[in-house]
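Annotated features, as they stand in TrEMBL:
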- A:1-30: region 'Disordered' (REGION)
- A:36-55: transmembrane segment (TRANSMEM)
- A:75-92: transmembrane segment (TRANSMEM)
- A:104-123: transmembrane segment (TRANSMEM)
- A:129-162: transmembrane segment (TRANSMEM)
- A:204-224: transmembrane segment (TRANSMEM)
- A:249-273: transmembrane segment (TRANSMEM)
- A:285-312: transmembrane segment (TRANSMEM)
- A:343-365: transmembrane segment (TRANSMEM)
- A:372-397: region 'Disordered' (REGION)
Amino acid sequence: MTTTRTENAGLAAGSPAPSPRRLRGGKDSDGGRRKLLGIGGGLAAVVLLALLPLLNLSLPGILPGPTYTPGSLQLLAMCLLMAAAALSYHMLLGVAGLLSFGHALYFGAGVYGLAVILSNLQIPLLPAMGLTLLVVVILAHVVGSISLRVGGIPFAMVTLAFAQAGSVMVRRNPGGTTGGEEGLALDTANLPDFLVGVANTRNLYWLALAALVLVFAAVSWIQYSRAGHVAAAVRENELRVRVLGLQPYLAKLLVFVAGALMAGLVGMVYLLLQSGAVPRAVSSDFTITLLVMVVLGGVGSRWGAVAGGIFYTLLDQRLTALANSEAVAGLPDVLRIPLSEPLFILGTLFILVVLFLPGGITGGIRGAARRFARPRGGQPGRTATAATARQIPEEQA
Amino acid sequence: MSTVILLAATGLGLGALYFLVASGLSLIYGLMGVLNFAHGSFLTLGAFAGWEVARRTGADSWWTFLLSILIGAAVGALFAAFTEFVLIRRLYQRHIEQVLITVGLALATVALFEGIWGTDPVFIQGPAWFKDTTELLGARIPNDRFVCIIAAVLVLLAMVLFLKRTRYGMIIRAGVENRSMVTALGIDVRKAFTLVFTIGGAAAGLGGVLASHYFGYVSPLLGGSLLIFAFIVTVIGGLGSLTGAAVASVAVALLQQFANFYFGLGDLAVVLALALVLLFRPAGLLGRKS
Amino acid sequence: MKPILNIAGLNAFIAGQQVIEDVSFSVPATGITALLGRNGVGKTSTIKAIIGLIGRTGTVELDGQRIEKEETHRIIRRGVGYVPEDREVFSKLTVAENLKLAERDAHPRRQLVEELFPDLVKRSGQLAGTLSGGQQQMVSLARALLNENKVLLIDEPTKGLAPKIVQEVADTLAQAAATVPILLVEQNLQVVRQLADGAVVLSGGRVAHTADSAADFLADEDLTRRLLGVHDDGAGAAAPAAGSGAGEPAPEVAR
């Protein structure tokens, strides 16, 4: 009979880290510095972005003209709005781990809700926006409380189905309210003058910037709130959250509705910027676009969502220009056909990122930075654990 | 009365198409946990392949139609097997990434189809008999409906026979129930993965050719529009259940046809039915309770 | 004699959480080795880690060959019979199909299985999900015994069974052990006393104790109370381990 008690005790005593407290302390202050740097960098970026309409900068190949021209500002504002929309989708996928295929429903509800209210009710912009958001919240509550009865992949299918119903409604043009396939032009009668007309594009640009900052702040707040932590814990291990007596359903619903509310808000600014609503804003294609942005940027990271939104919008615009260029038109079919379809290139890029760059743009940058900072940075134990964790069949999880 | 018969026949025809898409989706999901957004592209490519056959060999003979069905199914099967083997397999067990891959593939392929065949629908002709009607209980029913229904029933029977009578069918049924236990019996379950993708792709490709005759055209968006209803069908029928997919295909299509005719709200009625099923039977009509 | 299974420094993970740590022990090439411990100490995880059903690091040697990098189905094909906790029969397949699926040798030992489990022959057309718990356990054991194995890994075969059936299962295991070594997870200490030669005891995901004689270990009141939470006095009516499978209701009636 051989008792291994002694061996056990030896293991417990032989803790590998001699001064764990100091190590952890170092990490903490490092994290704090990084956080400060992040906030400082963010503020500087916002100030720079706010000044762009007053500057004369040219970015040939990216912007159609100098930064103060309406054409460039329109594109930049679209980038900011898509970044904000991607952030609202990050609430679902990044924070709560919910793969929704129906997020466009709430963006579209913002776009069409405000457009329909403005053209049918004689009320000023702000009350109209408030009313629209109310509609969005109610809609999100109803759909969210039903679809959150299932999780994982079934949740994806169910959200898709609801969004599809919304999309079909809009295209059907019930009672002539949505304009069907043609879409609905923005009724400017009750809008303040400074938001109307090409000359005021820079005001719309500032509005888009404000929307992005607001959404970013709200996402950060919710992500670090109690509900955000519960939602994140649910993403990792729902069972444990239940055992702790917390309510995963309510936390997920809250995150779902908050994400929808933000999407609705961004949708309203999108309507003002585009001065019209088109059915694509409610389509499942648009949800997929948001999904692509978030994944390209890096799932789970707020900056990733922002970067993905901006990168996608610019790339889409550039690829469309490329598709219509003479250089492409002259190519043989095998090259011309793929190159003249921006979505083919974006879809292929997306597949490659999912396969080979799981952290997206931000993950890639972080990995490169780490490699640069610590050329031999190796914690073999940790990487081994992460690698193994991946192989675990889901049934066991 | 004749209206009801006509609606029922049209609904059954549509249900047949839903089944051809949903059966593969449901088997793939049941066995592998993969939600396949590219399934619509299998269907669209099958439809275009069938159309190319019809265009090149003289559209209106029965031989051409049979050949186009065979080619459509084969193209769908090949495309699906390729998808599983080259893209899905690398991400074994990572379900979210697998969905993302199929989403990317759907985006890229629909764009590619638009590049090759254009964004406008291309119209298709079958044997002249398709355009005729058959009188049934006072209703004049377009013949292509019968073709869809018969084809779907044959596919259902073939799938049931395959699942019940062959060793791979047995592995697939066991894997849908408990995949890790199948591997723990010493069986390489991944061969079954490629197989269900191939079968699902063949059914979708066949469905594509039939859908092009049912609707009278092919367009790059054909698969995507059927796919969404097929998703609903698989959720209502119970993910992983072939019988569930068959029952729900018929139920959903009939509901859609009748609600459309009498209230103009077919699509909404379907989503409402989905909501009700989720509220009262979240696992679907014939799904496993977990 | 060389051990049939040699495990060294085995760690295993479920959903990124480590469930067993640095587990090392070996299974002799004959007889039954019991794997013991309270609920949740990692017995099932150890078994699953050996055949790669959960992610693992460390080394596992089967008959002198390293297998810890291999996929589950290949490990099984090297000659491992696995009888999982909760039986895991395919409930929508018939008994015959369940057995057919498990056949991996060119000449599966159908006759042996028919002799051991005559009841299953009678019920071969029945869906396995409609069998009683004891009958399902027979199917699960039969799946492992159909093939020529180097070792059997059997996880709580008597869990939730009525006393009479427990004895039947124990007799079957004793018969099997005459030809193949077995690593057995078992909460019923009477069964352990009856069957096991050596014992390995886990506590908190680690090996806390190994014994060449399970009976000697069970006789040590201090050790068994500390490691298993109970002491079996060997007088027959042993107190069931707190919260263990033996205390659960036995769903013995065929549905």
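Each residue, glycine too, has its Cβ placed from N, Cα and C.
TrEMBL annotations: computationally assigned, not manually curated.
Just so it is clear, the model here is predicted, and its values are computed rather than measured.
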The transmembrane segment (A:249-273) versus listed stretches A:36-55, A:104-123, A:129-162, A:204-224, A:343-365: most Cβ pairs under 8 Å: A:104-123
Top Cβ-contact partner of the transmembrane segment (A:129-162) among A:36-55, A:75-92, A:104-123, A:204-224, A:343-365 (pairs under 8 Å): A:104-123
Folded-back contacts onto the transmembrane segment (A:204-224), same chain, C-beta under 8 angstroms, at least six residues removed: 42, 46, 49-50, 52-53, 73-74, 76-78, 80-81, 83-84, 87-88, 90-91, 95, 195, 232, 254-255, 258, 262, 265-266, 269, 272-273, 302, 306
Interface-richest range of A:75-92, A:104-123, A:285-312 toward the transmembrane segment (A:36-55), CB pairs under 8 Å: A:75-92
Same-chain residue ranges lying at least 6 outside the transmembrane segment (A:104-123) that approach it to Cβ under 8 Å: 85, 88, 129, 131-133, 135-136, 139-140, 143, 159, 162-163, 166-167, 170, 177-178, 184, 186-187, 189-191, 259-261, 263-268, 270-271, 276-277, 281-287, 290
